[in-house]
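**Q** One structure, pasted below without further comment.
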């Protein structure tokens, strides 16, 4: 499998990144070389091997459904780039 | 000699004897930083006012005879990916260059409860992605043993600050070797605990199934003290382990008679011959102390780097989607609509390595490729973990080098991501298996420090600390200091 600049453009859109022409070319080359190296994994037969999502044997972690203290909203907005009336403000979602 | 060359217990004895104050210790840190951090560039943010105020409070405690915490009075530097209330936390990224956290990470809170004093925040590769600190968007940290070389990474600032005497100890984080490899390059002790041993709450997530916080110190005993203070279950991290915390300090008996050591042949292949010789010499020391070692095989070692970069990048691409320029961080100006705002903020805020990993991870998780890359890598992770499980049925610890070489020159690998990734070939398998490991100084090759990696069973930090401590008290390497 080898990836093209078009694939890189598609993935960049999924990742919400704008890439310059130069970045597109560099990433195409570098991702191809990394993915080519990753092909190495196909030397191993993993048909009957279970996937490890996590090393600890965890099942769902539950807690009592009780109200606890949460962060005060004035603190939450301290780092907000823009806010108004207790809400994060962003530009228009629809044109 | 620096005050920071004293062991924790020696410092505490001097504090109790009133030969020393916490203010003196904090003064020592800032004097060292003032004298040499311009050259080392380990710190991104300093909190001198906060540290001096904390020192005065602790000195009062000394007078009043109140109960004192385990790490009383010790100046600590924190890797800049752990949030610190009111103290800028950047992850060495432009995206977070203005971010002022509103709470403390659990590990930071535990250090405060143990009465240590936060000096400042330490440089790292941006979002912990890298092995040289050259991916910091602010500055490259330099290796105190040779300023033309990298300190390693991603916790390069954490290792360099300890080696340069700019903090008594530091916290780092390790995803694929990010505590152990810089500890090796800088000639200090670095411990990555078992996955889940230390809470990740407040650690800015890179790869959630791998990330773990741990100490960087000048000696093994101090590492045991710091781990004692930060280990334990935390209800705020659902992946923290509800397993009893051992007494790490009393585990340091000095006795390793009969210890069974496995040395994987794969860990000695293709490494720098001088590094190999240094490690073999360390094994002879352990043998002289009554341990026995045998060569074993961890057959899936060669697949670890490929599996790791797919898994870690996939997790990173998901974790870093939170950086959208809406709630915190640097927002791009003049975005026409919300989608532009996401695109522009992320494109301006992230550096090249972060973008590369987001791209790789997004690709590996994207429709049509998930099975071929992500799922395949998770299955290979199982095989790698089995290598460790089987070895630990017969052996107490696994030992090898921490890194295949000593610290490399700045700029020598920046254009070749794959070569850079291969520096982590001996630390990554351990991370995938989730088991604990530490790097302890074991000598020098051409004047540069070499680290010995001691790997243990899950939740058996006691045995690796005991082994490293026994080695350390019979050798002098950890006492050598760079000339600065």
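Positions of Cβ are set from backbone N, Cα and C atoms, glycine also.
Keep in mind it's a predicted model, so treat the numbers as computed, not measured.
Residues annotated as domain 'Amidase' in TrEMBL: B:25-465. For B:79, B:154, the entry in TrEMBL reads active site, charge relay system. As annotated by TrEMBL, active site, acyl-ester intermediate applies to B:178.
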**Q** Determine, from DSSP, whether residue B:79 (active site, charge relay system) sits in helix, strand or coil.
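**A** In the DSSP reduction, residue B:79 (active site, charge relay system) maps to strand.
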**Q** Name the residues of the same chain, 6+ apart in sequence, whose Cβ is under 8 Å from the Cβ of residue B:79 (active site, charge relay system)?
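**A** Long-range Cβ contacts: B:121, B:122, B:124, B:155, B:157, B:158, B:170, B:171, B:172, B:173.
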**Q** Report the mean pLDDT of the predicted model across the domain 'Amidase' (B:25-465), rounded to a whole number.
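**A** Within the domain 'Amidase' (B:25-465), the model's average pLDDT equals 97.
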**Q** Cα distance, residue B:154 (active site, charge relay system) to the residue listed as 'active site, acyl-ester intermediate', nearest Å?
**A** 5
**Q** Would you mind checking how many other C-beta atoms are within 10 angstroms of the C-beta on residue B:154 (active site, charge relay system)?
**A** 34
